[in-house]
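Asks: Taken from TrEMBL, the feature transmembrane segment covers A:56-76, A:88-105, A:111-132, A:141-160, A:196-214, A:244-264, A:270-288, A:295-313, A:325-341.
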C-alpha cells in the first residue's frame, strides 16, 4: 500500500517537473535561435528574485494569482471550464470598490462588507453561466467567454462619471472614488515601506479551506464525483444540476476575491489601469498546479516570479518578453507532459495489476494446493 | 495521519515563504548602483517610465523617448528607461518609479495618466527628485511637474480644416479607446467642425472600451471602422488612436479621401509614406519638447513644478503643414490660422468634453 502511494506521488511530481524542464529548455532554444545568450537572461531573472522588494512583489502577485487559480480549479474539479474568472474578478472589484467608497463603517465591518459584495458580485456573474448550463445546457466555455466581453462593456459604462464613476479633477483617469481608510486591509510591513498585502495570507488560508471542503466533506465528494462522471453521480443520488449551480457560484465568489489584495491593499479604488488578464493566468496556474492547493501555490509563485523577475530584463539589455515566451511554453509543455505522464501511469498500472494478478493467482493456487 | 501531514505541508510552505520574504536581509533591487550615482552627482541621469505599448509605438511613448534622446545629446546626460508589462498593477508602477528614483535618476518621468497614483506615493519618498507626470494634474506636490496639453485646441483646428476640406459635409472621428483623454480630442474636433460648417455631420466611433486598450494598438480595427465611415459618406477622417490610427489612414488614403493624423506629424512617418499624399495634416502634441524642457530645467537647477500646460500659444499642440497639398488649400489654411489666433486671443473657448 505504501509503495503504491509513493508511485502516485512520483507520477504527480513527474508531470510538472517534466513540463518545467522542457519549457526552460525550449526557452533556451528560442533564445539561442534568435541570437541571444540562452543562459544569461535566466541568470538575470534569478538574480532579480534575490532582492527583497522584488520578492514582496512576487509574493503579492502570487496571492492574487492563487485566488484566481483556486476559482478556476473549483470549476475544473467539477469538469466545468470557467474561463470567465477574468470578467467575474473585474466586475466584482469594480462593484465592491463602488460600495466600499460610498459607505463609512468601522474597520473590520467595512472590509467585510467590501469582501462580501465582491463575492456576491462574482458569484452572480458566474451564476448566469451556471443557470444557462443547468437549465438550457449552454456550454459554460462559450457563455463565460461571452460574459467576459459583457463585463468589459458593463464596467466601461458603469465607470462613466454620469453613472458610478468619478473623474478626479485634472485627471484623465476614471475611478470609483477612494475607499476611506477604514476599508483598507492591514498589511505586513517589512523593511522600509515594503508591504505584503494582508489579503495575501487570506488567499493562502483559503487554499486550506479548499482542500478541506473538497477532500473532507460530503459536498466535496459529490463535487468530485460529478466531475468524474455526471451520470454515475446522478445515479448514486447526487443532483448534478444543483452541483453545477453551486460550484459555478463558488467559483465566481472566489474569482471575486481575486481583486481584493489590490483593492484593499494597494489602489483603494477601481480605475482604468486595474489589471486585466488575471483570470486567464489563473487557468495556466490551475493547470500547472493540477488543481491541488499545494501545487497551485507553487505554480502561482513560479508564474509570479517569471512576471516580476522578467521586468528586470529590460535594464539588463534583454527583451522582457522572454518571460511571456516562457509562460506560453510552460502552458504547452504542461498539457503535453501531463498527457504523457498520464499514459505512462496507466500503462504502468496495467502492467502492475497484470503482474499482481498473475502472482496472486499463483499464490492462491499454491494455497489451494497446500490446503488440499 | 495523512491528513495531518498534508495540512502541515501547506502551513510550513506558507510560513517558509513569509519568512523568506522577511529574513532575506533587506537587499533591494536598486542597492548596487544607488550609492555610486548618489555620490557622483545629483542630476546626471534622467529616466522615463513608459506607458503600455512602450518604445516603438510610433506615437506617445516614442515622442517621450525622442525628448530623452535629445536631452542625452544636448545636455550630455545619461538616460534610463523602463517599460510596463501587460496586466500589471499599481504596485509594479510604484516599484518601477522607486527603482528609477533610487538609482539617482532625476527627473523621473511617468508617461501617461496611469502613473498618477504611483507618482503620488513615490514622490513623497524622494523629496529631492523631480517627477514628471504627463497628461495628469490630479496629483500635485513640490517635486511633481504635471506636463499637460490642450489636445482639444489642436483638435479644434483639425475640425476647422476637415470642415473646410470636406465636400460631402460628412467627416469622421475615430478614437482609440473611449477614455476622457480621447474624448477631449473628439470634443475639440466636433466643435471645430460645427463652428466652421454648422450643417456638417460628424461621425464618431471608438475602437474599444477600457480596460481593453487594444484600440490604441490594432490597425485592423482602425481600418475597418474607417471603411465603415467612408461607406457612410465621410470624406475626411481624423483618427486619434495611436498605432491603430495607421489602419484608419490606410483605409482613408486608399479610398482617395483625406486623413488627419495625430500626436506627431504623420506625413513624415516612414511607415506611412505610401499614404502620405492623402494625409491632409496632423494634430501634433509636443511631448518631446515637454520632456526635454523638464530635463533641462532640472539640469539648470530650476526644476519645473506644478502644472506646465502646453497649448496652441506655446506651440505645444498644433497642426502640421508638411503636406504641400494642404498648403495649397489657401481657404483651409486661412480659416485654420484665424481659428488659431482666436483661440490664443481667447475669443474661442474649446470644450474639453463632448
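Here the Cβ of each residue, glycine as well, is placed from N, Cα and C on the backbone.
I would like each feature placed in context: is it buried or exposed, what are its neighbours, and how far apart are things?
Replies: With a threshold of 8 Å between CB atoms, the same-chain residues lying at least 6 positions outside the transmembrane segment (A:56-76) that come near it are 49, 82, 85, 88-89, 122, 140, 190, 194-197, 199-201, 203-204, 206-207, 210, 227, 247-248, 250-252, 254-255, 257-262, 265, 278-279, 281-283, 285-286, 289, 291, 293, 296-297, 299-301, 303-305, 307-309.
For the transmembrane segment (A:88-105), the residues of the chain that approach it from at least six positions outside its boundaries are 68, 71, 113-115, 117-119, 121-122, 125-126, 147, 151-152, 154-155, 158-159, 164, 176-180, 182-183, 252, 255-260, 262-263, 269-270, 274, 276, 278-279, judged by C-beta separation under 8 angstroms.
Long-range contacts of the transmembrane segment (A:141-160) within the same chain: residues 81-84, 86-88, 90-91, 94, 98, 125-126, 128-129, 132-133, 174-176, 270, 272, 279, each at least 6 residues beyond the stretch ends and with a Cβ under 8 Å from a Cβ of the stretch.
Within its own chain, the transmembrane segment (A:244-264) is flanked in space by residues 60, 63-64, 67-68, 70-72, 74-75, 77-78, 80, 82, 84-85, 88-90, 92-93, 96-97, 100, 111, 114-115, 118-127, 129-131, 133-134, 140, 179, 183-185, 197-200, 202-203, 206, 219, 223, 226, 270, 274-275, 278-279, 282, which lie at least six positions past its ends and keep a Cβ under 8 Å from the stretch.
Cβ atoms under 8 Å from those of the transmembrane segment (A:295-313) belong to residues 16, 20, 41, 44-49, 54, 57-59, 61-63, 65-66, 69-70, 73, 204, 207, 281, 284-286, 288-289, 319-324, 326-327, 330 of the same chain, restricted to positions at least 6 beyond its ends.
Counting residues 6+ beyond its ends, the transmembrane segment (A:325-341) has Cβ neighbours under 8 Å at 11, 14-16, 18-20, 22-24, 26-27, 30, 281, 284, 287-288, 290, 303, 306, 310 in the same chain.
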Asks: Near the transmembrane segment (A:196-214), which same-chain residues lie under 8 Å Cβ to Cβ, leaving out any that are not at least 6 residues past its ends?
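Replies: For the transmembrane segment (A:196-214), the nonlocal Cβ contacts are 56, 59-60, 62-64, 66-67, 70, 73-74, 77, 185-188, 190, 220, 223-224, 254, 257, 260-262, 264-266, 292-294, 296-297.
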